[in-house]
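Engineer: In case it helps, Swiss-Prot gives these features for our protein:
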BINDING   55-64, 75-79, Lys101, Tyr120  acyl-CoA binding site
REGION    175-215  region 'Disordered'
COILED    181-214  coiled coil
MOD_RES   Ser184  phosphoserine
MOD_RES   Ser185  phosphoserine
MOD_RES   Ser187  phosphoserine
MOD_RES   Ser191  phosphoserine
MOD_RES   Ser206  phosphoserine
MOD_RES   Ser233  phosphoserine
REGION    240-300  region 'Disordered'
MOD_RES   Ser303  phosphoserine
REGION    318-340  region 'Disordered'
REGION    353-419  region 'Disordered'
MOD_RES   Ser405  phosphoserine
COILED    428-453  coiled coil
MOD_RES   Lys446  N6-acetyllysine
TRANSMEM  480-500  transmembrane segment
Amino acid sequence: MLFLAFHAGSWGSWCCCCCVITADRPWDRGRRWQLEMADTPSVYETRFEAAVKVIQSLPKNGSFQPTNEMMLKFYSFYKQATEGPCKLSRPGFWDPIGRYKWDAWSSLGDMTKEEAMIAYVEEMKKIIETMPMTEKVEELLHVIGPFYEIVEDKKSSKSSDLTSDLGNVLTSSNAKAVNGKAESSDSGAESEEEEAQEELKGAEQSGSDDKKTLKKSADKNLEIIVTNGYKGSFVQDIQSDIHTDSSRSTRSSEDEKPGDESSQQTGHTIVCAHQDRNEDPSEDASGIHHLTSDSDSEVYCDSMEQFGQEEYYLGGDPTQHLESSGFCEDAQQSPGNGSIGKMWMVAVKGKGEVKHGGEDGRSSSGAPHRETRGGESEDFSSVRRGRGNRIPHLSEGPKGRQVGSGGDGERWGSDRGSRGSLNEQIALVLIRLQEDMQNVLQRLHKLETLTASQAKLSLQTSNQPSSQRPAWWPFEMSPGALAFAIIWPFIAQWLAHLYYQRRRRKLN
């Protein structure tokens, strides 16, 4: 406590300040703490009050209508939290609603107010997501805070472990022998590019001719993705004639030797494709042949890039779909007849497989061939490796353009050009199916009408005798027939009497 005393005079003034501080007693501190706690409500009370406001603010005809059981729960928890245990007598039979409320309240027993508040808020959490977002609901959410529990899923952890182990297996450089072939997987394009670079470095040491070819391919900055193929020797045998344009015979003859030497030294597969002589030389091959791992799975898809490449191959220029491989590529041309077109020689490493979107290429006759624009086809043979590897073909036009290789002979890919005809066939089949369905529906309608008419006729025939005689008539014959049988003798006698009377008059 602080006391200040002041005194002022006419000629002078003096000020006396006396400060007296009383001792802080422990019971005073406990009393003040109780008063402060009484003034500041607890967290449960604030949440309870916010939840009560939400329930009270619900419109009668709103989108959210709680059930009677739910309202009884809220009522019982509210009464228990505000008034404590139920001490009232049960209402009479004339107040059924009051009896239901009393039963719900008394069922809580000796539950404390704090527990009732917590239960009220917990029930509110169950339905708060189905309620419309209002200011009261926002206030309640702000008071409650995040009330979702994070549960660790053991299955997800196991799946993550499996994926990590699978990633380790994929990233490992060890090769596994499967069905007589060496199989190893790469984790992605980066690891494949690294392996390609290592193979390029190893190829540089093979000879000076190979170095020249590798430098030419490196200058083009092409993406090289190498997949694992078959392990074993490869015999290269191509029996085909190369016809090129006479105007570019000089440069092609100079580039022919390095290309052949590099392909023989590195053991590459040579894939022949042709280009029309009328096409612009500037529109050379562009795009990327994506080399993917050829596993034994029947259906798989590497990425969304596959679909983009497919669209590019189906809709692009016929001469712009050959991509230079990083191992060996050279334009091999020889002077001769220039009427057919110029050829591109694409060298692909022997143990690899050239794929586009993970699909195989196969000609209609089952053997690799190359076509010309005039419809001519020139077959060339090759020595196959493994169980099903074959040299793919590249034909001109959007329908015949595909680079691929077979896996184990278990999966055969269709030509990309057949997709258009396949779609047309599917459309025709659907149209015919619709026509057949319409015919079937018409026949069914006719059958239904015939059966209905026959049923009506049968009902009419069955109802005809019953309509001729009433239900109360005991005899089998109709009443008219019976009346005619009774009356006709009298009629006959009357007619005979009339005849005799006329005869007598004539005689008289």
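Keep in mind that glycine also has a Cβ here, set from the backbone N, Cα and C atoms.
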Engineer: Let me check the 10 A CB neighbour count of the residue listed as 'N6-acetyllysine'. How many other CB atoms are there?
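Structural biologist: Other Cβ atoms found within 10 Å: 10.
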Engineer: Within 10 Å of the Cβ of Phe77 (acyl-CoA binding site), how many other Cβ atoms are there?
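Structural biologist: Its Cβ has 27 other Cβ atoms within 10 Å.
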Engineer: Which whole-number value in Å describes the distance between the Cα atoms of Ile55 (acyl-CoA binding site) and the residue listed as 'N6-acetyllysine'?
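Structural biologist: Cα to Cα, Ile55 (acyl-CoA binding site) and the residue listed as 'N6-acetyllysine' are separated by 63 Å.
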Engineer: Roughly where does the coiled coil (181-214) sit in mean pLDDT, to the nearest integer?
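Structural biologist: Averaged over the coiled coil (181-214), the predicted model reaches a pLDDT of 54.
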Engineer: Cβ distance under 8 Å to Lys101 (acyl-CoA binding site), same chain, sequence separation 6 or more: which residues?
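Structural biologist: Same-chain residues close to Lys101 (acyl-CoA binding site) (Cβ under 8 Å, separated by 6 or more) are Leu72, Tyr75, Ser76.
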Engineer: Quick one: among the binding-site residues Ile55, Leu58, which has the most Cβ atoms sitting within 10 Å of its own Cβ?
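Structural biologist: The residue with the most neighbouring Cβ atoms within 10 Å is Ile55.
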Engineer: Within 10 Å of the Cβ of Phe64 (acyl-CoA binding site), how many other Cβ atoms can you find? Include all protein chains, please.
Structural biologist: 10
Engineer: Within its own chain, what residues at least 6 apart in sequence put their Cβ under 8 Å from the Cβ of Asn61 (acyl-CoA binding site), listed in sequence order?
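Structural biologist: Once residues fewer than 6 apart are set aside, Asn61 (acyl-CoA binding site) is near nothing.
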Engineer: Determine, using Cα-Cα distances only, which of these binding-site residues is closest to Lys446 (N6-acetyllysine): Leu58, Phe64, Phe77.
Structural biologist: Phe64
Engineer: Using DSSP and three states only, what is Ile55 (acyl-CoA binding site)?
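Structural biologist: The three-state answer is helix.
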